[in-house]
Amino acid sequence: MIKLVLLRHGESQWNRENRFTGWHDIDLTENGRNEAFQAGRLMKEAGLVFDMAYTSVLKRAIRTLWNAMDSMDLMWISVFKSWRLNERHYGALQGLNKSETSRKYGEEQVLVWRRSYDTPPPLLEKSDARYPGTDPRYGDLSEAEIPLSECLKDTVERFLPIWHETIAPQLRKGKRVIIVAHGNSLRALVKYLDNISEEDIVGLNIPTGIPLVYELDDDLKPLKNYYLGDQEALKKAVDAVAGQSKA
């Protein structure tokens, strides 16, 4: 049996302020750092050990990985960072408060932008200061690879190449892997692993800082998955994510 652990980054400052974050490189709050340490403790208590980690190029995910591995005394493991694990790009919504945006456009429209499979938010202009094309961490990407906005379908399409070409082969070699990423990049992977329909993925919410363990067969098909930790706290965390766009 193969185990894979998925971990959404701890609470960021913009999570706390209920803003659309996307590719903006905001850091963790003190609570978010504590969530990451606690995630590490939960994984250590569960007997989990890792050989390698994959994360995005955004500091909230990187710092979550650092803190979790520090808690597990695994700071030495190999870490691979890729833009393909970034949060989905929220286009012109990045930086806006979710509740205020719901009051302006309506909760139903904002829910479509946040959770539908194939409807992206309004596009960002390349002249906008938020456009990531001038960021050196994306200097090796072609202009076509740098998004102006993304729906979940777009996020799935950019995530799956690194899954098929890099992560899955390591799992098949017996490597013990953790992926520390973002709400929507992890939703993209969960959709693929669990073969969730485009309609049902709307209702899937992934909380910050709580490890999600997948047990996979030799073909990397899920046998079961489960979150570590207190289940009542988990329910509250999932409900909190679901309620973020209420006006």
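Using the three backbone atoms N, Cα and C, a Cβ is placed for every residue, glycine included.
Sequence-distant neighbours of H9 (active site, tele-phosphohistidine intermediate) (same chain, six or more apart, CB under 8 Å from its CB) are L28, G32, A36, L58, R60, A61, R63, T64, V180, A181, H182, T208, G209, listed in sequence order. As annotated by Swiss-Prot, active site, tele-phosphohistidine intermediate applies to H9.
Among the features that Swiss-Prot reports, active site, proton donor/acceptor is placed at E87, with the record citing sequence analysis. Neighbours of E87 (active site, proton donor/acceptor), defined as other CB atoms within 10 A of its CB across all chains, total 26.
For the recorded site, K98 (substrate binding site), the DSSP three-state label reads helix. Positions annotated as substrate binding site by Swiss-Prot, on the basis of sequence analysis: 8-15, 21-22, R60, 87-90, K98, 114-115, 183-184.
The site 'Transition state stabilizer' annotation in Swiss-Prot covers H182. Secondary structure at H182 (site 'Transition state stabilizer'), as computed by DSSP, is coil.
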Other CB atoms, at most 10 A from the CB of R88 (substrate binding site):
29
Fill in the CA-CA distance, G22 (substrate binding site) to E87 (active site, proton donor/acceptor), as an integer in Å.
5
Tell me the Cα distance separating E87 (active site, proton donor/acceptor) from R8 (substrate binding site), rounded to the nearest angstrom.
10
Can you check which residue among the recorded positions R8, K98, H182 has the largest number of Cβ atoms within 10 Å of its own?
R8
